[in-house]
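What follows is one structure encoded as structure tokens, with my remarks underneath.
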């Protein structure tokens, strides 16, 4: 029977399936961080259990950490407590921790691929909603709750219902100034934040095959904003080249054997999906969010919708509520809206390729005098590689702040926050009410668009800086 990529990986990991019971999956990789792990470790201690496979668990510090310094004392009191607790727990249970000062510390969904801990065909979980990022490698990766974190720690297994499958085929090529971030924002804008609910989605097609691993991770990262639990891309030579030589990757002849197996991790010809979507990506323009959920997105040359554009009363109310919060109007042109802060980073767009894209636009230019711009590499490895290329100098000379690795302004859990009423051009993944600080206003966009906004101090078209 022909199978999809998702079905192949899922079926290969079922260790038990009783009558009228959910299948039990073996979990190959478990990522943990300081926010969703303390209760799980406490549960293990109370039950006097050890971890089933501490060697298949990797911990990092990312959500709470200060990006101004690698000194623990630079963090808030709550952050210090959570970080110290993780340090103690990982030491007690024998889990490798990428702690403050570690050359590999950074955002969980960036450091795992960097180290080759994420591999094609594995099952991977983390107490974080953006775990779908790792599906870019052909891994079956999804976020779990804290009680499930404890269960995986104790048993290295998890009960999981089998999801429906959706194919998203991307045809054509991007216009100049359009990136993977624009594609995923466009997809969510067209179909809504619930379209993927109950599905494992697979991105495929001509465009996907030509994307870098960084761009593929951006796509899969925001599968959750599309409503999907899982986003996957079949591994190929680009994947294998990215993995080769990394710390946890197979070595030598073993690597070649794995590559032969990984080549089988693609949907069979004739495999049936429960739903399919085909996109012509050549029509997509730089995308900007205008509201308070990731489906409220328009092209840079478009106007904010009018209430009459929606027939559904709940959508009409959502529009009015969003515009009231973000202080914008129906039928308003999005280009030219004043920006206070620019944030380039996060598990969506904090990789070296993202920083290169931003640096290409900022090189030789200055940011607007009324703009504060934070450039936050997703890991210390990204930071080092960027500095080796001189990107830090480009950012600093432009007037940006060059920070250490962490989740930073993606969420209001650390010191990097916007004040009430401040408008942020952000490369993160969510624009919810207060997401970047109480009363803050978020506009999601690509690193190129964010860099252009930093220069002009308003939402603008990045293509003018690319000779388009």
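All positions are counted from 1 along the displayed chain.
Just so it is clear, glycine is given a Cβ too, placed from its N, Cα and C backbone atoms.
Here is what Swiss-Prot says about this protein:
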- 347, 407, 410: [4Fe-4S] cluster binding site (BINDING)
Ten-angstrom check, please: count other Cβ atoms within 10 Å of the Cβ of residue 407 ([4Fe-4S] cluster binding site), all chains counted.
29
Out of these binding-site residues, 347, 410, which one has the fewest other C-beta atoms within 10 Å of its own C-beta?
347
Env. residues of [4Fe-4S] cluster site, Cβ within 8 Å of mean position of 347, 407, 410 Cβ:
62, 63, 107, 130, 345, 346, 348, 350, 378, 406, 408, 411, 428, 429
